[in-house]
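**Student:** Not my notes, these are from TrEMBL:
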REPEAT    14-52  repeat 'HEAT'
REPEAT    91-129  repeat 'HEAT'
REPEAT    168-206  repeat 'HEAT'
REPEAT    207-245  repeat 'HEAT'
REPEAT    246-284  repeat 'HEAT'
REPEAT    285-323  repeat 'HEAT'
REPEAT    328-366  repeat 'HEAT'
REPEAT    367-405  repeat 'HEAT'
REPEAT    406-444  repeat 'HEAT'
REPEAT    484-522  repeat 'HEAT'
REPEAT    523-561  repeat 'HEAT'
REPEAT    562-592  repeat 'HEAT'
Amino acid sequence: MASGDIQSDESLYPIAVLIDELRNEDVQLRLNSIKKLSTIALALGVERTRSELIPFLTDTIYDEDEVLLALAEQLGTFTQLVGGESYVHVLLPPLESLAQVEETIVRDKAVESLRILAPQHSTTDLETYFVPTVKRLAQGDWFTSRTSASGLISVCYSRVSNHVKGELRQLFKSLCQDDTPMVRRAAASKLGEFAKVVEPEYLRQELVSLFTNLANDEQDSVRLLAIEAGISMANLFRHEDLEQQMMQTLRTATEDKSWRVRYVVADKLVELQKAVGPEITKNDLVTSYCALLKDPEAEVRAAAASKLKDFSTHLPADTREQMIMSQILPCVKDMVGDMNQHVKSALASVIMGLSPLLGKDNTLEHLLPLFLSQLKDDYPEVRLNIISNLDCINEVIGVRQLSQSLLPAIVELASDAKWRVRLGIIEYMPLLAGQLGPEFFDEKLSSLCMSWLTDHVFAIREAATNNLKKLVEKFGRDWAQSTVIPKVIQLARDQNYLYRMTCLFAVNALAESCGQDITQRMMLPTVVTLASDPVANVRFNVAKTLQRIYPALDQNALALHVKPCLEKLCQDSDHDVQHFASEALEKVIEAL
């Protein structure tokens, strides 16, 4: 018996150490111990976890924020460690304390854990333990506890009795009318979520007035969250009720004195459009959208501009073209010359999407001049965004209509001082190639693609080799043989060793696409020649290239050219060359 007690004491010794670490002065030790909390709980067993560990944690919540954050996260996963869903309520006291601390991220994590635990309560336990926790938080003296309560009402509302539901609605109402802006802000952020679980009659009787009050709050940070909630609430109403209940408030928001509120309306406009349906869109939203496109604040105009394609696509089909032409397009024409580059860039990324909606004649007459103007814009991002969306216009009028204006813009972007702009245009080159066809591409753009192989930035050279691979896949091996490979081979004779290495990288990229005949006949001799290069970096890249391309070669080429070349490199004076050559030789010998 005594030996059993000793064994038991010994098994609990590490747990005692971990619990001591929870009290240690060193923050890192306490943090480590919190992260091992599940281990402590497993060793203690469910009864001792409930009776000793959880009360201990509840009593010691006065720690550093990072320790409390880790604790709040851990407790959300503790259901099985306290004995399953029948005992999940014992986790509420420490989380209730954590939901009241000053640090926002700790409170948020505690609320997140409480939201995870709420569905795990039985209906009885929900009313016995969870709802009283919510009530205490909602009626707490400090705003911190009241902000946390806002996020917990909706997760328990649908499963409680009608009497308790009434109490919860009253609690939510008091949070929406709280004296502290932070509490009203938290309530506004959860209003849309709460509206989805409330019965339809209370939605109209109680929540609409809460929404209206919050949307007219003196604090713009409350108003913008209320508008976001209102847009999500709009989905819950029949279209005929919407006009009467909410549209006046939402209309007013498009003219709010705070640009941040107007920004939210612009950002969420397509969601609102889907919620309110075609009639209200036609009568109200198009006018509001045009006002947002002309907004004095650049951030609002940019947000509105980015929604141009989606908003226009969801307009009622029978009047879409007429509304775009008469109301939206005049605003768009003004925006093409906007003073702010972000507005122009946002517009350029979506304006092409109007082409399929307006058809060929309208595109040629009204949109084409706008595209051409944007292709000459001072800001590279604007030109790049137009080029990246060419597929939309190609479907409608064919890219040839744009080609004469397109080429100068592409050439200018290809040599832009910012390497990221050059990288952007490389990524769109295969798309352009497919639209222009090989003859036009060879005549105007192939020399540009080859010039990127000798760019001074490695990322550009690397992207250029991948670009060549995609072009070969698009235009075929004959095109590669006549246009690309002679220029790649030429790099092997360049004075700059970096470009000789680029030649090898290009061979790596092209071998598979070009097939055995071209790789063996045109590229392999160049690779073997570079094995005698004076620069060790080039020589070990020869070994890596041979290892990469050997599956594309036949047995004869492997035996006569590749194996002797690698054997020679194995004797190289440079250790790196020897290493990569011996690795490649192993693979080649296996293949022979």
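Placement of Cβ uses the backbone N, Cα and C atoms for every residue, glycine included.
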**Student:** Residues sitting near the repeat 'HEAT' (328-366): Cβ under 8 Å, six or more positions beyond its termini, same chain?
**Tutor:** 286, 289-290, 293-294, 298-299, 301-303, 305-310, 312-313, 320-321, 373-374, 377, 379, 381-383, 385-386, 388-390, 392-393, 395-397, 401
**Student:** For the repeat 'HEAT' (523-561), what is the mean per-residue pLDDT, to the nearest integer?
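**Tutor:** Averaging the confidence scores along the repeat 'HEAT' (523-561) gives 89.
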**Student:** What does the DSSP secondary structure composition of the repeat 'HEAT' (562-592) look like, as residue counts for helix, strand and coil?
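**Tutor:** Across the repeat 'HEAT' (562-592), DSSP assigns the residues as follows: 26 helix, 0 strand, 5 coil.
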**Student:** Which sequence-distant residues neighbour the repeat 'HEAT' (285-323)? Criterion: at least 6 residues beyond either end, Cβ under 8 Å.
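**Tutor:** Those are 251, 254-255, 259, 262-263, 265-267, 269-270, 272-274, 276, 278, 331-332, 334-335, 338, 340, 342-343, 345-347, 349-351, 353-354, 357-359, 362, in sequence order.
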**Student:** Give the residue counts of the repeat 'HEAT' (168-206) per reduced DSSP state, in the order helix, strand, coil.
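**Tutor:** In the repeat 'HEAT' (168-206), the DSSP-based counts are 33 helix, 0 strand, 6 coil.
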**Student:** With Cβ-Cβ distances below 8 Å as the criterion, list the same-chain residues six or more beyond the ends of the repeat 'HEAT' (562-592) that contact it, or say none.
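**Tutor:** Distant Cβ neighbours of the repeat 'HEAT' (562-592) are 524, 528, 531, 536, 539-540, 542-544, 546-547, 550-551, 553, 555.
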